[in-house]
Structures are given as C-alpha cells and as structure tokens.
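Here is what Swiss-Prot records for this protein:
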type: DOMAIN; residues: 5-79; note: domain 'J'
type: ZN_FING; residues: 151-234; note: zinc finger
type: BINDING; residues: C164, C167, C222, C225; note: Zn(2+) 1 binding site
type: REPEAT; residues: 164-171; note: repeat 'CXXCXGXG motif'
type: REPEAT; residues: 182-189; note: repeat 'CXXCXGXG motif'
type: BINDING; residues: C182, C185, C208, C211; note: Zn(2+) 2 binding site
type: REPEAT; residues: 208-215; note: repeat 'CXXCXGXG motif'
type: REPEAT; residues: 222-229; note: repeat 'CXXCXGXG motif'
Amino acid sequence: MAAGKRDYYEVLGISKNASSQDIKRAFRKLAMQYHPDRHKAENETTQKQNEEKFKEVNEAYEVLSDEEKRKLYDQFGHEGLNASGFHEAGFNPFDIFNSVFGEGFSFGMDGDSPFDFIFNRSKKRQQQIVVPYNLDIALVIEINFFEMTNGCNKTIKYERKVSCHSCNGFGAEGGESGLDLCKDCNGNGFVIKNQRSIFGTIQSQVLCSTCNGQGKQIKVKCKTCRSNKYTVTNQIKEINIPAGMYSGEALVDESGGNEFKGHYGKLIIQVNVLASKIFKRSDNNVIANVLVDPMVAIVGGVIELPTLEGIKEFNIRPGTKSGEQIVIPNGGIKFSKSFKRKAGDLIIIISYARPCEYTNLELKKLREFIKPNQEVKQYLNTLKNEYKT
C-alpha cells in the first residue's frame with residue numbers, strides 16, 4: 001500500500017463486497033459530515049483535519065465508484081493506481097462532491113441554525129438576480145425503527161427567509177427608488193485594482209467592497225428589515241415519511257425553502273433512522289433475535305415474538321434448536337403502493353436463554369428423561385479418532 005494512504009474501503013466504512021449503492025450511500029453520509037463549509041471547526045488544526053478527511057473520502061469514492069479503477073485497486077492496491085497515473089494526476093474533491101449532490105451545492109452557513117447548511121442556486125439564476133442569502137434549506141430529523149418500517153407523519157418547525165414586503169427586497173426605504181448609484185464603482189459593481197509585480201503593473205478587476213458588486217447604495221435603510229432585504233418567518237409543516245427510507249436519505253419540497261423576489265428554494269429534509277435494540281434491517285427484511293427457555297424449546301410450547309405490530313404468541317415445535325430461524329412472510333418493511341416494491345419478511349432467530357434453576361428433586365426427575373444424544377455421540381467418535389491419529 002502507498003505510504004500514508006488508508007485503505008479506501010476503510011475510509012468509507014464499507015466491506016470489499018459492497019454494492020455500488022452501498023458505496024454511494026456511505027460517500028453521501030461522510031461527504032456531508034466532513035464538508036469544510038458545513039461545520040466551521042473551533043480551531044485551524046481541526047478545520048484542516050476535516051478538509052483532509054473530505055479529500056480522502058472523495059478520493060476513495062472516485063476510485064470505488066468507477067468499475068475499472070475499483071478492479072485495478074482490488075487487485076494491486078494503491079501501487080496499481082500509482083502505476084496508472086491516478087494519484088499523480090490529482091483531482092478536485094469538490095468536482096466529485098458536485099457530481100453526486102448536484103452542481104451549485106454548497107453549505108454557506110449564515111449562522112442562523114446548525115441545520116441551515118444550504119444550497120446555492122444555479123449560476124443561471126444568480127446572473128438574473130443577486131440573492132443575498134442561500135435559497136435552499138436543509139434540515140435533519142430523526143425517526144425510530146418502527147416509524148421507518150411503517151412510515152409516519154412528522155411536524156417540523158423551521159425559520160424561512162422571505163423578501164421584505166416593505167422594501168420589496170431592496171433594503172431601502174421606498175424600495176428600488178431608495179437606491180443611488182455606488183460612487184466608488186459608478187454602478188459597475190467592480191473596480192480596477194493596480195498591483196505591482198516583477199512583470200510590471202498588473203491591473204485586475206475586483207468586486208466593489210462598498211456595494212458588494214450590486215452597483216447601488218442604500219440612501220435610507222428600510223425600517224422593517226434594517227437593510228437586510230428579508231424578514232424571517234416561522235414555518236410549521238407536516239411531512240409524510242414513507243416506509244422503508246434508509247438513514248441519510250432525504251425528502252425534497254421543491255418550493256419549501258427560502259424566498260427572494262419570487263424565487264423559491266428547496267426544503268431538503270434528511271431523515272436519520274435511530275437504531276433499534278431488538279430489530280435490524282436487511283434490505284426489505286427485518287431480523288430479530290429471540291431468547292427462549294431451553295426446556296420450552298425441547299418440549300415445544302408457546303413463546304412470545306416481537307413483531308412490527310407488537311408482541312405476539314407463537315407455538316414452536318418440540319426440539320427447536322438454538323440458531324433456528326422462523327420466517328414470517330410479509331412481516332418486514334411494507335412499502336406504499338407508489339414504491340411498487342414487495343414487502344419484506346420478518347426473520348426470527350432463536351437463541352437459548354440461561355437455564356432456570358431447579359431443585360434437587362426436580363433435577364432428579366429430569367435426569368430420568370435423559371437419553372443418549374446421537375449428535376453428541378457422533379462428535380465424541382470424531383474426537384476419539386482425532387486422538388488416534
């Protein structure tokens with residue numbers, strides 16, 4: 001392995017037989033976690049560490065998401081990639097990030113909320129109108145395992161920015177008529193800066209710091225928004241979370257984000273599923289381990305099983321073994337009709353609990369029923385033959 005480089009599967013936290021969907025899902029989660037613009041670190045050292053991790057995650061995804069590069073890496077490791085020129089060629093981690101999340105995605109936090117890591121609009125829209133804040137809003141909500149398997153409704157509360165109704169988003173008393181041309185840039189939005197270098201004087205065009213590139217200045221600040229150009233409204237919205245969502249997946253309301261002068265952003269709601277102490281998910285199936293008294297397993301009888309609808313009684317046959325599986329068809333995740341996916345199964349795995357304590361009299365009676373176990377007898381014969389050799 002190339003010096004200093006971690007295993008790409010380890011970087012993404014996946015196994016070597018992970019599917020392309022597993023790879024993409026792991027990348028989306030880690031890229032969101034370490035994006036330099038999402039969480040500004042408390043110190044420069046931590047910030048640099050996050051940037052390095054972000055670069056590492058993107059590099060791992062670029063290789064493992066490409067069938068040919070992944071095959072080369074699986075066979076020869078980092079050395080194989082070096083020989084092919086991958087590491088020397090270099091790459092832009094943000095290009096990879098944008099290819100997955102979409103062009104124009106950024107987190108541009110403006111300090112309102114830890115969840116307001118939001119997306120910029122496209123370049124085309126930015127050319128038409130200067131938006132003083134990010135239009136798209138991203139929120140994170142948590143649901144439990146049962147809410148994931150059955151689907152649920154959630155009420156969310158969030159703050160939404162809208163253009164000020166008093167100044168129509170211009171930030172000045174009287175709206176657009178309350179603006180003057182910027183005196184520093186004469187309304188151009190930029191100024192020419194001269195800088196000396198070894199090659200002589202170099203002229204460069206830079207954004208006007210006085211008007212922030214807008215070419216106009218406010219004469220009198222709007223009293224309603226104090227020249228911010230927007231006001232904040234409190235929103236309450238009920239959303240439907242369909243059954244079967246994976247943790248980290250998102251719901252999108254195309255016009256539920258911020259608004260500015262008739263332009264609406266998206267509301268992106270990332271859904272995180274809390275782990276269950278009883279159940280585990282395996283694709284569409286749900287798996288649960290059930291403790292059973294060994295005596296009940298031997299003689300058969302009624303046990304209580306956990307299901308997604310609650311605890312139910314189930315009759316097990318005599319001689320039920322530890323590790324044996326009970327499959328309840330359609331007892332797993334049930335998708336809505338729009339998904340057109342078959343419901344999964346509930347898979348119960350039997351595990352023996354610690355035996356009960358019995359009195360000497362009870363133990364004496366139990367010994368009367370003990371008879372040679374053929375499986376144990378076969379094991380002992382194998383053991384004896386092992387010693388003979």
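Residue numbers in this text run from 1 along the chain shown.
Placed from the backbone N, Cα and C atoms, the Cβ positions cover glycine too.
A sphere of 10 angstroms centred on the C-beta of C211 (Zn(2+) 2 binding site) encloses 22 other C-beta atoms. Of all Cβ atoms in the protein chains displayed, 20 besides its own lie within 10 Å of the Cβ of C182 (Zn(2+) 2 binding site). Straight-line distance linking the Cα atoms of C164 (Zn(2+) 1 binding site) and C211 (Zn(2+) 2 binding site), rounded to a whole number, equals 19 Å.
Cβ atoms within 8 Å of the centroid of the Cβ atoms of C182, C185, C208, C211 (the Zn(2+) 2 site) belong to the same-chain residues K183, D184, N186, G187, N188, G189, F190, V191, S209, T210, N212, G213, Q214, G215, K216, Q217, site residues excluded. Averaged over the repeat 'CXXCXGXG motif' (222-229), the predicted model reaches a pLDDT of 94. For the recorded site, C211 (Zn(2+) 2 binding site), the DSSP three-state label reads coil.
Calculated from their C-alpha atoms, the gap between C208 (Zn(2+) 2 binding site) and C222 (Zn(2+) 1 binding site) amounts to 22 Å.
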